[in-house]
Amino acid sequence: MGVVLIRSDEEGMRAALREAEASAAVDEVPVGCVIVHDGVVIGRGHNQVEGLRDATAHAEILAIGAASTALASWRLHECTLFVTLEPCAMCAGAMVLARLGRLVYGAADPKAGACGSVLDVIHERRLNHRVEVSVGLLAEPCGAILSEFFARKRREAAERTEPGRA
């Protein structure tokens, strides 16, 4: 993929939504992420936990790895990470370790969110870095792609367990 320019937070989140759609297309939980530095996407990722059989293959972790490679540095203090769902504890911890400058997420995660909903890893005073955060950008489409995915999964599970089905 060529150079992708991002001129606004909304464009960044729309790019993350495209990554989430890529996850859904391969039956992964549809979370997508892009990392932007100086207006250019330098890292992208979508969940690949099932495909890679790797519990750590979250969109954010994959994008952080790609961005670190692109910059030839693990320090991402001048970068913004856009992700469709509030990061979990693992991903929030990786953002702190990478010294990420800014996080923008779409849908809150009231079950496992670690950036304000359940935990607040990115603002933990005892850690050596805190991440600026913007919440709720394009929350409706970010939440809808997840809701649709899990509704389909529940329907498929119900169809498999209906009596009389082969």
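Note that Cβ sites are derived from N, Cα and C of the backbone, with glycine treated the same way.
Heads up, TrEMBL stuff is auto-annotated, nobody curated it.
Copied over from TrEMBL:
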ACT_SITE  E60  active site, proton donor
BINDING   H58, C88, C91  Zn(2+) binding site
DOMAIN    7-117  domain 'CMP/dCMP-type deaminase'
Count of other CB atoms lying within 10 Å of the CB belonging to the residue listed as 'active site, proton donor': 28
For the domain 'CMP/dCMP-type deaminase' (7-117), the number of residues DSSP places in helix, strand and coil: 43 helix, 27 strand, 41 coil
For the domain 'CMP/dCMP-type deaminase' (7-117), the mean pLDDT of the predicted model: 98
Residue pair C91 (Zn(2+) binding site), E60 (active site, proton donor) - Cα distance, angstrom, rounded: 6
Rounded inter-Cα distance in Å - E60 (active site, proton donor), C88 (Zn(2+) binding site): 10
Greatest C-beta neighbour count within 10 angstroms, which of the binding-site residues C88, C91: C91
Number of other Cβ atoms within 10 Å of the Cβ of H58 (Zn(2+) binding site) across all protein chains: 25
Remaining residues near the recorded Zn(2+) site, that is with C-beta within 8 Å of the centroid of the site residues H58, C88, C91: A59, E60, I61, P87, A89, M90, A92, A94, A114
